[in-house]
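Each remark here refers to the structure printed beneath this line.
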């Protein structure tokens, strides 16, 4: 029963198909506003479906089409179709393929809208009534006339034929490949097809034959080297050859000649080149010449001449990109039509055909951009297409107007068209318009070079030829002027120093040289011709200041990129733009000394200005020592204070005294914060385990001590700050200041005699000694010291209260000292600011006419306790005396009774707050000092100090050092280290950075390194395919298949150095095995090189 039912359903399906046909095939009616279509059920459904998936952007008339399935392959069908009311007018169409998806999109004549779409998977087949509906994956597509070839991921090649009315049929199915089809190409007609597969073979199919077997099989090697792309060279047909190019995963470019006599099988290419390191993913042949462009995973685009008359093994031109290149294509049409802007000159096509065609490339790893390059300016993209989603594939579109259009496929299901001539497309950028006309860069010798270049005057052949044109009358004038300046030349040459390369002073009207006293002069601006020679302009000494204006009537020569432009070996070449060369052997009739007065030369091409600035502080030895020996992390057993002191000693060893003092100041500040119980106590080192071992009783005792000291310390700090401000104001206005200064010096001397830490070095040494102890012992001693100070503070307070209560008119007590000092200008705050001052010091405060009588009539005994926490630079501003006077008058007027105390005593008892009730912040706190030191270092350009501080303190004080600042400093520092070839220091900086900073730095500076080894004799790339596949044994970089010679042999045993090799010396360059050299030098006790070069190693 089941068989008749199934047979009936199949017949019903066939009957329905014969009535309605394929909806997509019959839906070939254009839009209603263009031509009135015939009314039919199929056409109406097709229009609804087309409008559902296609959309048109009205801003820039961009064609967009959204598919219902994932797409990955793209091609263009150039065959006239008569669909609906179009009678052969639709000549350019799009073929899109993907996962179970293959459609033909009929595009309008203006290529701005989709007229109809045809589902090729529903086409008729010569093998069955309908093509198979199994799940297929179209990996590549190629078209020729009315034929469409589709390469599938299962190794099958399907051939479709499209009729003029839009209907299609499967006419061929070939399945001789075992893996995915990566590339397809037709040979001169629609009857011969090439297919390159992942299985490492290229097969030639005859589509006219009834056989499904290939006519020829091509293989680059005996092993299966996957083929990424292959293409037939139409230029070889002139020499009656059938040339095919292919690129492989091994990085090889192979050239095959299909005229073989080996029975339809080719196992070796005619020629083979290794242009890339790693897999080559794409190739495309130039439309006019025998040049091929290839792109690979090594982020390079190579342009190579594969003709028979060339013998080069390296690319003719190389373009470095920022990502792996997955697709590369020459443009379809030459650049004969350019958009001319107001500031751009109308340029004619370049006679070099390579410059007339652009190169477009797309990138791997889901990159959403397509870059368009031109070999005339290959260092920067001409245009960049920015897509909203990653680009899957692209082609240059052909059209009737020959405009520059690119069709793209974006992941997962979007087709878009971009017009590169359109100036209003926001998704197409032109990087050259965003760059400045003047650029500069530094080299490793602390010199820089500036280049001024017009935006659209680059590599103009006609301009280079015009520069070399000569005029005899100008030649005579120039030579006479040059001979008149001979004396000036010799005097100028004698005034220079005796250095190997003497550089003249840069005399330009707009240049300021702040260092005129140095004997090393900056070279003059160097103008270059198209051939790379210097363009000499003889001028008189009096007119040397008008150099920037000497090219107003004639153009400056253009910048050519060759190896000679970076080297200047004589002083005459550097004096070319200022004064004529002194040597009489110069040929003034040579082209580089002649000018051109043509109006074509009014443009100003690139102008090179090398400048040498002697900066004494920028020393290579100092930079290398600071970057190598400065600690950027905390080693085991050290604290942060120790690290700061070590960095201070490193800076002092290179006479960088200010940086050394800053490091010492940070160390003292960190120690001070630690002693005052600040939160920065944790930055002194990873000692949490030791702290946890302290008994509970000690913690409780410390807590009580800190609580008891908090109020007294605040009062003591207030007394110190108020007294310091009061005494300073008193010294500036009092007539008896010398007596006060003398007495104050006695107090200072008394403090210095009682404690040896009265200067900065003693404080640093003490901080270093304290930090070197263990945390337990240090804190126990700290507890005993604080308890002792607490008792002294309590006794001192009781004594003051007793004096102020029972002896209101008692004089101020003055502590005597047997010695006297003569330095009367010593600051009064020195005795009050030392870290380990005595418990109390008596100070005499004489009266002055500046203050009121009430303040001076009732002096009291004021004793100031300078404890451990009365540190250096703790001068918070106190309320002025006028504030106290106003408060006193207000209290008197209100009848408030006050004790007969002096205004200074009341001021000293005030809380350490301002008028708004906010606590005063010390400007010399650790965070404040750190921020100020970083600001100054950044202003001075001290990148080493900024980077070192960022590595040490970024995770400790994130509110002081922002993430942006840390990244900026470390990035600049790493770039400078890499430029100076200090790679170990650069890697150490990345390793010592915090996790979030390290992750971002690794993305920028820790990329994979690719090494390419070349033969030291024949300069060929060491691939060794012959040795690998012939079974001769292991061969690596020590052997070359091209010249059959070993590369590196041991100088002692004459065997290949396959592993670790030791170089005897940099002068002789001989190398050998470690064991061999150990036997020669250590066991045999030889001192010279075993190679016989008489080089004394020891």
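Including glycine, each Cβ sits where the backbone N, Cα and C put it.
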Ask   = region 'Disordered' per Swiss-Prot sits at which of 26-57, 58-89?
value = 26-57
Which range of 1006-1049, 1050-1093 is zinc finger, per Swiss-Prot = 1050-1093
Request  = Kindly state the mean pLDDT of the repeat 'WD 7' (635-673) in the predicted structure.
outcome  = 91
Ask   = How does the repeat 'WD 1' (131-170) divide up by DSSP, counting helix, then strand, then coil residues?
value = 0 helix, 23 strand, 17 coil
